[in-house]
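Asks: Just lifted these from Swiss-Prot, have a look:
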DOMAIN    109-417  domain 'IF rod'
MOD_RES   7  phosphoserine
MOD_RES   12  phosphoserine
MOD_RES   16  omega-N-methylarginine
MOD_RES   17  phosphothreonine
MOD_RES   28  phosphoserine
MOD_RES   31  phosphoserine
MOD_RES   32  phosphoserine
MOD_RES   37  omega-N-methylarginine
MOD_RES   37  asymmetric dimethylarginine
MOD_RES   45  phosphoserine
MOD_RES   58  ADP-ribosylarginine
MOD_RES   60  phosphoserine
MOD_RES   70  omega-N-methylarginine
MOD_RES   77  phosphothreonine
MOD_RES   81  phosphoserine
MOD_RES   291  phosphoserine
MOD_RES   359  phosphoserine
MOD_RES   362  phosphoserine
MOD_RES   425  phosphoserine
REGION    2-109  region 'Head'
REGION    110-142  region 'Coil 1A'
REGION    143-152  region 'Linker 1'
REGION    153-253  region 'Coil 1B'
REGION    254-269  region 'Linker 12'
REGION    269-416  region 'Interaction with NEB'
REGION    270-288  region 'Coil 2A'
REGION    289-296  region 'Linker 2'
REGION    297-413  region 'Coil 2B'
REGION    414-471  region 'Tail'
REGION    439-454  region 'Interaction with CRYAB'
SITE      355  site 'Stutter'
């Protein structure tokens, strides 16, 4: 609006000064005034007005098909003046003011075009950079989509197979250790049962030994009693012998007295035979009693001796059995201690294996969780790259639209600058023809819009759309 207003002011000033309207095409923006030829004074003298005309040329550049605009200053041209009618005077001060205003406007437009040119070049460089980054991201997305998941899946499956194999090996080892432990527990139970049996046998042997000791004590007491009885019998035998001898002496004395009386009394009957018979009977009875007593004593002594020998043999056998039982108990105790040590070592090894198995299992679970986390991270990163790719596509589309808008603005600015210069074609000014400008400006551009919809890192749908633009 400000440019249009300043342009209308310049036209009004020109009309006030030169009394005529410049020849502009209908609808073209006012860029530079055209000074008609005019005559000065009545003398028909001619003068010239210096006019600076700018030509805008375009060189084809970069990716968008447009290059930076360049304003080149034409050399100063002397415009011959034609003689005005009589009485017409040219106000040079007003023309200089208008010319100065025109130069100021053209300078501002040149600066503005230079800024637009720089901005346009920056946008083109940014578009190139974004296209390169877009291509790199697309290649990375394709690489991640085509290779990494497969490789990660292969590595994941391989590690899972290895972990399963190790778990099976550890399970087999644990089962084998459990079987060995059960066997050792069975052996231990059997040895404990055998130990209990041996302890019972030991108790029975001790009980038998105690009974044998009681029998030995009873036999000893019986032997002592028999010895005392033998002594008493010996004393009784000695006493009976003495009594018998006394009786014999008394009988002999009586016999002698009787013999004396018989000799003295021949008429008395003979008693010697009767005494002799009685003596013989007593001697027979005494010898029989002595022999019976000796036989009974000998039989009792032999019985007691045999019983003592039997008891001694039983005691010795009991002692031997007790010694053997003690040795067996000691050997069983040593064997039990060794088995206890073996059992403790096996239990310790089993606990170590269980701890190692638990630690390895936790490590494998951590590895599985880490691999799953890496897979989720890769999926999230892939989704992020896809979103960035979609955002870059959107930014690229927006930049394409903005570039097209700037291109149209620049084309309008070129047409606004170039159209006033076309009015000076009679003066043989060098300018670019509209056909060349059209051939330089109008280029065809194809924009491919690829829409990728993702959900949880997975590609759900893809859509491709092509737009053809004529620039």
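Please read every residue number as a count from 1 along the shown chain.
Every residue gets a Cβ built from N, Cα and C, even glycine.
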Asks: Report, as a single number, how many Cβ atoms besides its own are within 10 Å of the Cβ of residue 362 (phosphoserine).
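Replies: Looking across every protein chain shown, the total is 10.
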Asks: Can you give me the average pLDDT across the region 'Coil 2B' (297-413), rounded to a whole number?
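Replies: Over the region 'Coil 2B' (297-413), the predicted model scores a mean pLDDT of 83.
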Asks: Roughly how many angstrom lie between the C-alpha atoms of residue 291 (phosphoserine) and residue 362 (phosphoserine)?
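Replies: Just about 102 Å between their Cα atoms.
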Asks: Between residue 362 (phosphoserine) and residue 355 (site 'Stutter'), what C-alpha distance do you get in Å?
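Replies: Residue 362 (phosphoserine) to residue 355 (site 'Stutter'), Cα-Cα distance: 10 Å.
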